[in-house]
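Swiss-Prot annotations:
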{"type": "BINDING", "residues": "134-193", "note": "ATP binding site"}
{"type": "BINDING", "residues": "273, 285", "note": "Mn(2+) 1 binding site"}
{"type": "BINDING", "residues": "273, 285", "note": "Mg(2+) 1 binding site"}
{"type": "BINDING", "residues": "285, 287", "note": "Mg(2+) 2 binding site"}
{"type": "BINDING", "residues": "285, 287", "note": "Mn(2+) 2 binding site"}
{"type": "DOMAIN", "residues": "107-315", "note": "domain 'ATP-grasp'"}
């Protein structure tokens, strides 16, 4: 079985590791990831969004199936093109990927099909209408560009924006730049990640995870792609009740069903970013692929073959998935200055043997084959154990064997940081 993987981040290194166990791996990506390269039978350098070139390599190698890692090629219709040319592909079509690539579409779908967990929203193309709506609304808002932003274009009043006046100014900028802007009510609470496999009908849950999007310890600093994440051995999170879990899963199931009814069936991995609000989990946004870092929480403990699951997804015959009852902690290492002004081209020193001795795993990301940093998150160290405390200890021990002009968040997955989140939920719910 020959499988094509598109992408070369930490997420894709985790995908590559599990695919390579059961298939011959072929890769197309924008840079040569050293962790993926050693798993691949062949590796071509090309822009991941250059769909005709990706197709050329897929046909040249005679792959039996393709797996798309990042979101940008999905927006370009890579799944449509590969499938039209006889390559079954795990991932949504361009139309279905709009759940991620067009935030207004996602909000419209939830409203149209009365999907639980939806938020109050409005799309504007007129500056004065937008300003008067925000004034009339009178409560804090969230301002979002409609398209892909790498998780960094969304601004929230009380966080990146001082007040609704600043929100109006930012929204005006976006209307002038993009022609439209999405304004939502601000939802307060604690965020979590719920990823599922789906063949367009059946939805199979993965363990819940929680991401640390802020650059610095204590949840401060600029928003990043994610500085780390954790998951628990019971596959839930310490502040999530069984009822919260069921409601969030129902939102994802209802979304897949709505996509089918809408004539844009969704297959692949669906990622729900939820805010656990006072009354119920609310959708912050959807992603049309695995999370990065959250792929590294779930894939290393997946007991079934990802190749088999992929085949079932493309055949519309998804049977299920099973995960080890283990806790995981992912800690990302980033170049100094990330995300605003990162150092580049500086070599990292990674003692893989020592990392393995600590019981940890390493997944490479924005790093070339000579271990020079390319400007984004460089690599992740993952601890896996029977308890969260032990998984965090392993990840912290492993990360000590990486040297260079780097930083990471020491508080990812720690008892103290999780206790803060539990306390927030209790206070919000008056417990």
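Glycine is treated like the rest: Cβ placed from N, Cα and C.
Note that the coordinates shown come from a computational prediction; the quantities given were computed from them, not determined experimentally.
Features as recorded by Swiss-Prot, highlighted on the structure.
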{"residue": "134", "record": "ATP binding site", "Cβ neighbours (10 Å)": "22"}
{"residue": "142", "record": "ATP binding site", "Cβ neighbours (10 Å)": "22"}
{"residue": "158", "record": "ATP binding site", "Cβ neighbours (10 Å)": "13"}
{"residue": "166", "record": "ATP binding site", "Cβ neighbours (10 Å)": "14"}
{"residue": "174", "record": "ATP binding site", "Cβ neighbours (10 Å)": "21"}
{"residue": "182", "record": "ATP binding site", "Cβ neighbours (10 Å)": "21"}
{"residue": "190", "record": "ATP binding site", "Cβ neighbours (10 Å)": "20"}
{"residue": "273", "record": "Mn(2+) 1 binding site", "Cβ neighbours (10 Å)": "20"}
{"residue": "285", "record": "Mn(2+) 1 binding site", "Cβ neighbours (10 Å)": "17"}
{"residue": "287", "record": "Mg(2+) 2 binding site", "Cβ neighbours (10 Å)": "23"}
Within 10 Å of residue 287 (Mg(2+) 2 binding site) (Cα basis), scanning binding-site residues 166, 190, 273, I find 273
Cα-Cα, residue 134 (ATP binding site) versus residue 285 (Mn(2+) 1 binding site), nearest Å, comes out at 21
Looking only at the binding-site residues 158, 174, 182, 190, residue 273 (Mn(2+) 1 binding site) has its closest CA neighbour at 190
